[in-house]
């Protein structure tokens, strides 16, 4: 069976202001086993029914989340399927990140009492009459979901209920989800989970997992009579055809639904639950058994070492240029006393009168730099908090919430940077500049996002953002981000233009004919290769977490790769910038932005390759959604990497021309 991995189910959520208070006052991150808990994630104590108190609960609630599939981008709410519904129960509140990711947590009819064993307990019975159009539609939707291998996601005490099974090399994989059912083709081939049971053999038949064996592991608290804490919840999905529904017997033949079945079909949903004390696992490390079943660490270290080799190579090249070539050039130029010596000038010194000439389309470049600065700071701060453990898989939705809130609050540096550079480029249309900074790039992202949301609405998917949330996002953008951008632009325009170390000549110097390698396009294409080489392995895991519903938790690796990417983009751009200046081409502004920004084009090519080689996505809507969301990521990555390249080259050019004597 192919190991279908799904995203971790999210816990209940603390209020956002509590999270920010904690983030602002945080010292070093939480240590395993230390008595330090995130707000809303403190442990809950459980005890037997006759011992329950205000500090110790006996009822265990099971929540259900959206259902998703690796063969479809469209997730659906639990209530979209005709499963057993809870008669009552409070729906946990969701934060902005969970809503944007399509998380939909609902109460379930599965109720347990701590340490009370249940065997083959009936939850509900669903009856379908194939002659009735409504029943037939429900049954067809259930069959289609089994065909696409849609997965349940259940939550107990903020922990995903996992299905653990053996994979290759005797390793055990714990999947935070389990399938609705499976299908045997008309040629007798078992699809997906149907391989787990030899009794699933009827051709052109669906087998629904209408029974679950749940085993809940708990750890008794050492500090007196505080009860126990749940440390794992595991289940095994099974299929049984219950002939006597009043007294279900979970030992009969599997529940099969022929593709050509007609008449009345009854599906009885049952469960068994047992409890086991576990003295080894403590509450603080209860996620470990899920994360350790994902053997990615050795690949991650390979990725880091690969990236470090590239960085060392580039650092060596840049150091050689800085220390040897540039040092000799500067020493020779500064020793020139006579006009005859000056006639022998060559290379980058010749273009000192044009190096800070304003670029074409300076308005657009300054807007891109402002938006790129906003994204750069947002990414750094988000990953920093993730490394401290605040945005772990246990805090599902926190990553997106943190990123969105930071982006909104970072309007001021975006406006400031855009204004400063636009003024240094000699621009005077400050109103146009600040409006474009506020609306151009965010507007493109929002327009793409809105079109994708219309498709999700049309498909009835749970990932469709409710209208109220869209209004809230627009309010954050227009009422907070835009005013902050205006404030930043005000201070940026109020300051004097950036002082350059050399004066700009009135008449532009003619650029000599360039060789193939120093022409703009080949240089830009070459510039993105090395930064992409640093990140492509990490990119595979990020795409897996988004599209294959795998859990992403190695933020330490990601932060390290982020730093390596910044260094690599900077060094590759400086290297190419120096070669172009030596060839007497002084148009460095756009070229430096596009050189490292071209990494985003390689990202797009890799995403297309990933779609065709790794994913099993079917359907026009899912394909459009994949590429629609990919284009948002590519644009953000383009602005992010391009801004790094520009700032690195700007620093380099300012530095080398400030240390030479110019008459």
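Each residue, glycine too, has its Cβ placed from N, Cα and C.
Taken from TrEMBL, the feature signal peptide covers 1-33. The transmembrane segment annotation in TrEMBL covers 301-323, 364-391, 397-422, 434-457, 463-493, 524-547, 553-581, 593-612, 624-653.
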Recorded stretch, among 397-422, 553-581, 593-612, maximising Cβ pairs under 8 Å relative to the transmembrane segment (364-391): 397-422
Contact set, same chain, for the transmembrane segment (301-323): CB under 8 Å, 6 or more residues outside the stretch: 530, 533-535, 537-538, 557, 560-561, 564, 567-568, 571-572, 574-575, 578
Stretch of maximal Cβ-Cβ contact with the transmembrane segment (524-547) [cut-off: under 8 Å; candidates 397-422, 434-457, 463-493, 553-581, 593-612]: 593-612
Tertiary contacts of the transmembrane segment (463-493), as residues 6+ beyond its ends and Cβ separation under 8 Å: 66, 73-75, 96, 99-102, 370, 404, 407-420, 423, 430, 433-434, 437-439, 442, 446, 450, 453, 456-457
The transmembrane segment (397-422) versus listed stretches 434-457, 553-581, 593-612: most Cβ pairs under 8 Å: 434-457
Long-range neighbours of the transmembrane segment (553-581), counting only residues six or more past its ends (CB under 8 A): 291, 296-297, 300, 303-304, 307-308, 310-311, 314-315, 317-318, 321, 326, 347-348, 351, 355, 379-380, 383-384, 386-387, 391-393, 517-518, 523, 526-527, 530-531, 534-535, 538, 541-542, 588, 591-592, 595-596, 599, 641, 644-649, 652-653
